[in-house]
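One structure is given here, and the rest of the page talks about it.
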């Protein structure tokens with residue numbers, strides 16, 4: 001008989017067990033309350049013209065659910081006993097049972113989980129179910145179930161990139177220069193801001209050189225400290241003429257340390273990008289480029305994660321937390337972790353930039369989450385992979401070795417503490433010092 005919905009682990013021994021009708025009534029009320037909250041969020045998003053952003057956030061949530069579905073479906077197909085499939089964590093809002101599996105929603109919708117019987121050697125399982133546990137399954141099946149979540153992310157990333165390359169189209173450089181952003185008060189009062197150079201403008205000429213490349217534009221600015229530089233810009237259909245006087249990088253370094261590395265070079269306080277044109281691949285070429293693009297960014301994600309957790313990366317992140325960069329365009333700000341608040345900001349920026357930016361964001365998130373989950377530490381999926389490999393090595397022909405997971409709990413708690421610390425600090429930075437729009 002279903003029990004009344006409570007916070008997991010709460011003691012209900014003193015309360016009489018409710019009837020089936022009472023439990024269903026309570027669960028139904030919780031579901032109605034949840035749907036009312038969702039409807040209110042949608043209505044508010046529509047009111048503030050953020051419905052598209054909400055759709056992108058919902059797509060990100062759906063990707064996390066599909067991650068868990070990967071574990072769920074491979075466990076079922078492998079003959080393992082699955083007991084729960086929940087969206088969210090914490091107090092149960094609503095659930096139902098089908099075929100001995102409880103499906104439902106919990107209060108904190110920041111992920112999900114699938115409960116498989118016998119994931120560790122210490123979990124107690126009824127004797128009749130032991131043969132269907134994760135720990136009694138074959139080595140290939142345990143590996144498949146462990147990596148299935150990340151495989152789902154990689155499949156989604158491939159599909160998204162394929163659509164982007166062969167359907168929507170992608171930008172390639174055509175050799176010109178584009179002013180992506182301009183540093184302005186209250187962060188940095190830059191020469192570009194004072195000269196009324198608008199972000200989003202294309203450089204038609206600099207000191208008489210027409211359609212300069214980013215390297216040519218940068219070289220002229222760097223070598224023109226305290227000298228006037230004449231710019232011809234285009235914003236939409238308008239042509240603008242501006243004169244700006246670059247200052248020594250040491251001047252802007254007083255308010256943003258990122259400029260210290262430029263020493264005496266001239267700067268005007270802008271970020272520049274190459275101008276682009278949109279091209280599309282054929283379906284076959286797009287599929288091939290999607291595979292290579294996925295592999296390339298997966299490797300970049302591995303390198304980026306290792307860099308973040310290197311001594312230098314930890315020190316840099318600690319410096320950013322203690323002394324946040326005054327400029328949201330600084331390299332230090334742009335390389336930090338993103339909290340759910342930061343993801344919402346990015347989703348909003350991507351929606352404003354167009355469908356290509358939205359697909360790019362979804363692709364990047366899928367690859368990063370897929371790679372991160374494969375790192376070899378519990379409670380990440382990669383931790384289960386390492387344990388399965390270790391058990392395979394230690395096992396003999398007629399004797400299955402089971403690792404003592406309790407010995408790994410200190411490491412597990414340490415990993416959880418690090419993830420929690422990163423989550424809290426990144427949330428603080430995203431609220432107090434949000435980064436600039438990376439999509440232009």
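Cβ from N, Cα, C; glycine included.
Taken from TrEMBL, the feature region 'Disordered' covers 1-20.
Residues or ranges marked as transmembrane segment by TrEMBL: 31-48 (among others).
According to TrEMBL, the transmembrane segment annotation covers 54-73 (among others).
Under the heading domain 'Peptidase M50', TrEMBL lists 57-408.
What TrEMBL records for 143-165 (among others) is transmembrane segment. Away from its own ends, the transmembrane segment (143-165) comes close to residues 63, 66-71, 73-75, 78, 80, 116, 134, 137, 280-281, 285-287, 289-291, 293-294, 298, 356, 359-360, 362-363, 366-367, 369-371, 373-374, 381-382, 384-385, 388-389 of its chain (Cβ-Cβ under 8 Å, at least six residues beyond either end).
Note on the transmembrane segment (361-390): residues 56, 59-60, 63-64, 67, 119, 139, 142-143, 146-147, 149-154, 156-157, 160-161, 164, 294, 297-298, 301-302, 305, 343, 346-347, 350, 403, 405, 408, 411-412, 415-416, 439 of its chain, located 6 or more positions outside it, place their CB under 8 angstroms from a CB of the stretch. TrEMBL lists 361-390 (among others) with the feature transmembrane segment.
Look at TrEMBL and you will find 411-429 (among others) tagged as transmembrane segment.
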Quiz item: Looking only at residues six or more beyond either end of the transmembrane segment (411-429), which have a C-beta under 8 A from one in the stretch?
Solution: 317, 320-321, 324, 336-342, 377-380, 383
Practice problem: Check the domain 'Peptidase M50' (57-408) for me and report the mean pLDDT. | Solution: 85
